[in-house]
């Protein structure tokens, strides 16, 4: 339901109403928009009790009325920020638990009693979860007014902090489900916990003074360019400098500390200054995105130079709205902190913001609240509470859009975009007929090397490159997403461009056992990452304006620069561009250490993604002594969905590493599995190992190598068989024609860098260390003593010692990989000796170290050992059996046995703590299809399923007969999962060649197209 901007206002009611208005403790933005709604309620003659932790002046500076009552109580904490740009995810969850979970019973009792004591007619929340439940306990209706909800924000934090905090998200969603309906503000996030919604215009504070009056009071001339610095506090350790501003500019600083000294071209504003008036008197604003800053910038047509906050998932939706109305310029954090402001500020004042929508949302919302309190029923009650709750949890984890695969985007994403008329994701993947694509890219490019191999996604990517060149002629009236604008200025179209492709992978068998040395079976999927790269002499390289400004500020001539554009950033919190001087990868005369590089990329979370791409350069410098003297431009476009356990990161790493090597004179010879980079020789296997170094040491994710190996060495419609010790390819296993594999996405975001995966890995390495210790102790008791050559314990002879398994004990005492221990030996000698779990501190005291280079033991954390160690030992056996069965005669028994091995693997993941509700549900749906009456009657078509990759969500692998009925059953499972959760899962089907088989393309724009 939508309420238009035009209405009759809030008329004075015959009833004197009492409103209890709860305001979240997160920032002033919520309090400032509440002010506008409250002001209209009071003008209509009602009493409003505001429950808040914000300072009184936020309300009293705008409302002077005896009908306003302020009660200082903090019932939620929002997102805890280490500074103005940094959100501490774990601290946010812990603070919320301390604020709202631990004292929950007392809060509910106190609030219900207070609400009844003031005789509240309606409870309004922006957007305090417990207020809705307290209202229900008091028998009072409640309404929320917001553009986001905390279940959505906290969902990603849970993935970082571990399962022990997941109940917080459930509880918040349950609290919101007591709300009667939601008054939804523009720029909204997905909020499926609410029963019904009413959309209203922007809620914006009114202006009291003109631009001329404000400037006169501040002593600022009309000809002075003014930027207002509005961060709600400043980043830690930040010192403002005079040279940050263009000549003749003045910066007005909000939230400056009392003792802060400012340069002469900076002016500190009073703490209680009325910000909207100052904003309207400025020429542009520099700050972080929040509802208050974005809504008021749009309303006052004030260009907004913004810097991203990490881990606050409200931001992408507001950012899309800001940029759609041509009101935003993004500044990267590094340039903010180092003072390279000028190109951004000059760009900002050239913008012409074009928002013309309503800005009386406060008045409209107040009218709805008044009518609701009187008794009007706005809600349609079209969705059940249980359905809303499931939607809230499952969709809360689905924070990333899938580039290029719009059909799989849940309805709430489509709804959020339709309000703005904006499409997200990669702009390139609207696939038409293959023949027309072939004709198109052949007309656009001359292919000097390589073959697109008929891959439609490659053809589409090439077409997208050609369209970038036409961007310059498209005219300013055409609205392009920022990533397309940046990409359009990336390449010199008269020079060669190299294109590489690397697919994601479906983990058929092996999974997390890779880091324990298991045999694994991996299938490259149809979805892939493409990278286009060009190298140019620094004097001929096309530079973005901020890069030009940085080089100019250093007073140096052209130097090698890396510029990267990543498609698909609009609805994630990932910056679309990255740039750096390649000299930053040098520490004196040596390459930068991996640890320093890791810190370099981690300093700005919105650009941490660049570590997967740029990290390849540093690894080549470090491991192969390659030096890069030319500038490099890269365009990254991936259709491998993020967070679904299909190796999105590995595909980016492999495509990037392949592209960098190809552009620097590497010649691929796939048949010989060898490549040549100048005088260096790299095989696809070695390339995969180099990519693993990128992820382990520069990104900081403790993954095994199977993902990179599958992406680099795989072939279409075959399983790559590899023993991860560390990466020995056994060959390619043909998938029998009667067998087919599918992947079904659960919608629950997976992260190999998440706490659960890391803790299970630590537990496995702890188990290996304990097994080695037990074996060493047993061996020392059996071997001859030092007192005599013939002195054997218990009088045993050498032959009898051999019967006792001395050779086995020697091997187990020096066990390199857990998977080299057979299941029967594990059960016979070690299973009962390993603890179910152990405190990190206790393990370190007894064993010193777990001997894993990519994980660190937390002394205060408890680690599961038995399940974590048992899983890879048995998984290795299961994979060997699976591989053998694939080559056996076709039969129902063959398929049943293969499916059973998948099921066993799935439940072993769960025993380790790496399961999830969504993946369990999908496996259950496969079992129901397999054992249902119809399947038995038709001899069945689906035979097994398992969670994949790092677990804790992501994708389920399904095995079945290669027939039409199987595909139909997969679609039925897809629809049943949607019916249960509200999320339509993406189905992975099909396969494609790995990066080694694809090789690379070297292309050049045809001269005829350049002349057009």
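Numbering starts at 1 and runs along the chain as it is shown here.
Placed from the backbone N, Cα and C atoms, the Cβ positions cover glycine too.
Record features (TrEMBL):
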type	residues	note
DOMAIN	494-535	domain 'Galactokinase N-terminal'
DOMAIN	612-714	domain 'GHMP kinase N-terminal'
Excluding the flanking five residues on each side, which residues at least 6 beyond the ends of the domain 'Galactokinase N-terminal' (494-535) place their CB within less than 8 Å of a CB in that stretch?
-> 405, 448, 450, 455, 457-458, 461-462, 465, 613, 630-641, 645-648, 650-656, 658-660, 662-664, 702-707, 709-712, 714-716, 718-725, 730, 733, 735, 741, 743, 757, 760-761, 764, 768, 816-820, 852, 871-873, 875-876, 878-880, 882-883, 901-902, 905, 909, 912, 914, 946-951, 955, 957, 959, 988-995, 998, 1000-1005, 1010
Within the domain 'GHMP kinase N-terminal' (612-714), how many residues are helix, strand or coil going by DSSP?
-> 56 helix, 19 strand, 28 coil
Per-region confidence, the domain 'GHMP kinase N-terminal' (612-714) (mean pLDDT, whole number) | 84
Of the residues in the domain 'Galactokinase N-terminal' (494-535), how many are helix, strand and coil by DSSP?
-> 6 helix, 30 strand, 6 coil
